[in-house]
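Have a look at the structure below, then the notes.
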């Protein structure tokens, strides 16, 4: 019997919470590594590079290599490269986004760029936003890394990409195309990167509106954990349901190969060459 399963998992609320590892996350990831299971950790955070996030996760007790981390910035760079192999963009964002675009072979410029790309930053500049508005009015296409309207900080809630995008839309009339969750484009690009198929992949998340929705729309089985922001009352608010609901990722550490208890990802050896 062969196990044919891959995983996409959200980061905040699933693996870590407020900078601390959620108990059992290390055991789950180690089970995947020990059994050569393909997986990718997803985050709508575009501030940090995968290498930065890998280092931060390590301080929380999770050893996840950069190539196993897929941010909304890397997904955005992947998408843009699929549209224009070597394009030009004016970027409002931090190193996670600029590094991803440079790596994809793009040129960052404010001189008649093809795209304006808006990402997360802790210090939105009025001057940069004004430049973005005028470039869009001049014909640049508008892309955003993710639709989140707020984000957490030590001092409280901060306006995030979605809020600033709304300001730019109000000034230009241009609606952005969002790449990050819940857009299934982010899931598809992550799947392609690890060579996985949606039919054999499980998405683990803590949010109905992003994680479960994007997994559902990408054709994945979904697991919602209660260790983040969602509870049973939150689940009932939506017209769709996850495949399975668990308390935390620790519940999957010992059943990673059969998360729903139905043997759906077990393939008889004689069939693995005929699919």
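Positions of Cβ are set from backbone N, Cα and C atoms, glycine also.
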Binding-site annotation, Swiss-Prot, Mg(2+): partner of 10, 12 in 63, 110, 148, 206: 206
Least surrounded among the recorded positions, given as 10, 12, 206, when other CB atoms within 10 Å are counted: 12
Check: same-chain CB within 8 A of Mg(2+) site center, minus 10, 12, 206: 11, 13, 14, 15, 205, 207, 211, 225, 228, 229
Pairwise CA distance, residue 206 (Mg(2+) binding site) versus residue 12 (active site, proton donor/acceptor), rounded so that it is a whole Å: 8
Neighbouring C-beta atoms (10 Å sphere around the C-beta of residue 56 (site 'Orients Asp-12 for proton transfer during catalytic turnover')): 15
